[in-house]
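Undergrad: Dropping a structure here in structure tokens format, bear with me for questions.
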């Protein structure tokens, strides 16, 4: 640790962030139960105490020694420590630790800037001297390398940037100078790892970007350089050199109408450059973008034209090919602009334009504005990338980062007629949004489409949105949403009633079933995977690693058969009728609402719907049959997520699950199709609901129909359409 003292590397920070993402505790919760008397002396804590604190905070049995020591050292103001001489005599300030983790959990850029100042102010004198400023520059250089920036010319830019902060010429930077300058100095925010979020209009949302084609700075009009990096605004695609960002013109994107005259009519908003198609949409001739900053693009309709063709294009913008989804700025305005009595009634509680309630929305007629929710943690870095793309192709005020929950977005859209919802994330994210919409009590419930991120995505597969997003054109996906059909998804209430025998269970992850519920072998594998991922999140950072871990746990389960003879410890009632399992040897029972689980495995199997049978049930029974157990009739039953019925399937073991997944076997044991199920268990068993596993002590489980939610079914697949139902 002799080199780079006081610094935590980007790699270490990324590893720490993964641990925090999986932890359920806040730093305040930990400090309430932490043994202060044992590990602390006043406001000081030693290495052993810090290690114990991290274990409690991150909810792990062991923290990697390198990470723990590096983090401990980053809080230390002394310069004579090394790893070989660590002891309880080496102490750090507990309040600094509290501040650091509190800010990681959430905080404004200003708060994070203030904390960063205090972290680098090693002598605690309230100013940053030249040595401390050099440490900050070194840290930013390391982050730049981690972001794959070209750092060959970055140091003098950063030095000049830091010098400009010293407004009084004292040779030092005060806290006030640091916060005032830092909040508006884009490279500083990016390189310190501080997220930039949308404030009010006029602010660029910068992100570092390496350019694979010749591009030119919108400010100085000089080339960025092929393969070099600069900063690109997510909202308007304004591009600048790193050192030009502070002088850049305000962002041209106005996300809402500022005056009454702006309401109702949307003009084009032109930004120079950004003509990536290379062809003018007006005259169809080439736009020569390789030699200079040339051409114009509209940030709303995305037309690309020559500078000379501007006069031939009318002033009014129709929002282009995606007009059905876009809320143009002219349709969003502050409620304070509403005249008369309506204004008095609706503005009494409005104190800030930062709240959804401060705006009124009147969408363009015959459109279906899209409310987009994105889970930035889904699919590795996919979520963040999708967020950036949607901020450009739609109005940024339609796009919501789920780190703040879905409520702000739903409140913003609560009075918007005929809107749709797009959820970008996994099945868990979709379930979260559906539950929140259900509780919001909309008079007309909006239909929900899914852009699947990450692995699994069983519901997205069944709705024809594919097994996972892999960088496809988002405009194509939005056009598919336009022609999608509304279907209704049954949702089921899961009631777990523990027996009064004193045995403790894990918390039940959800009281709602959207996809499936299972007991036994598959839940056992999922539970072991879940525990290992919580303990060692750094080992589960790719799809391939996840699959290998599942394979290892499945192999182990096939050897030990922990759920063998499940029928001896579980009884099943369907609509009050006891299901006979005596002739079967099962290790798992699955209750299916959709024909996909485990990332595309169809345990029920494929069935051709009988001619004229619209309900997936033999015509002789009629469409009102609530329970079917006859094996011959079950052969003709087709799964339907809208029929208010569940399919019950028995699983012989891990080998059978693998055979079904690989299509070597068509299905598991079809046990029943019914509208109500009750399980009685006599021992602790692994269970899972929609992929979330837990261990459950003996209990009674009741599954009953709750309601239906409108979902959007993607268009029928073609041979070249990825977003078909691939299992």
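Indices start at 1 and increase along the chain as displayed.
Note that Cβ sites are derived from N, Cα and C of the backbone, with glycine treated the same way.
So Swiss-Prot lists these for the protein:
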type	residues	note
BINDING	121, 123, 125, 132	Ca(2+) 1 binding site
BINDING	166, 168, 170, 172, 177	Ca(2+) 2 binding site
DOMAIN	108-143	domain 'EF-hand 1'
DOMAIN	153-188	domain 'EF-hand 2'
DOMAIN	365-498	domain 'DAGKc'
MOD_RES	476	N6-acetyllysine
ZN_FING	203-251	zinc finger
ZN_FING	267-317	zinc finger
Undergrad: Counting distance between Cα atoms, which of the recorded positions 170, 172, 177, 476 is nearest residue 123 (Ca(2+) 1 binding site)?
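TA: Among 170, 172, 177, 476, 172.
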Undergrad: Using the CB centroid of 121, 123, 125, 132 as the Ca(2+) 1 site centre, which other residues of the same chain sit with their CB within 8 A?
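TA: Here the nearby residues are 120, 122, 124, 126, 127, 128, 129.
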Undergrad: Including all protein chains shown, what's the count of other C-beta atoms within 10 A of the C-beta of residue 172 (Ca(2+) 2 binding site)?
TA: 17
Undergrad: Around the Ca(2+) 2 site formed by 166, 168, 170, 172, 177, which additional residues qualify by having Cβ within 8 Å of the site's Cβ center?
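TA: Here the nearby residues are 127, 165, 167, 169, 171, 173, 174.
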Undergrad: Which residues of the same chain, at least 6 positions away in sequence, have a Cβ lying under 8 Å from the Cβ of residue 177 (Ca(2+) 2 binding site)?
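TA: Set apart from residue 177 (Ca(2+) 2 binding site) by at least 6 residues yet with Cβ under 8 Å, we have 165, 166, 167, 168.
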Undergrad: With DSSP as the reference, give the number of residues of the zinc finger (267-317) in helix, strand and coil.
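TA: Counts, helix then strand then coil: 6 helix, 12 strand, 33 coil.
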Undergrad: If you average pLDDT over the domain 'EF-hand 1' (108-143), what do you get?
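TA: For the domain 'EF-hand 1' (108-143), the model's average pLDDT rounds to 75.
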Undergrad: May I ask which of the recorded positions 170, 172, 476 is closest to residue 132 (Ca(2+) 1 binding site) if we compare their C-alpha atoms?
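TA: Its closest listed neighbour, by Cα, is 172.
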Undergrad: When DSSP states are grouped into helix, strand and coil, how many residues of the zinc finger (203-251) land in each?
TA: 6 helix, 14 strand, 29 coil
Undergrad: Between residue 172 (Ca(2+) 2 binding site) and the residue listed as 'N6-acetyllysine', how far is it from one CA atom to the other, in Å?
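TA: Residue 172 (Ca(2+) 2 binding site) to the residue listed as 'N6-acetyllysine', Cα-Cα distance: 53 Å.
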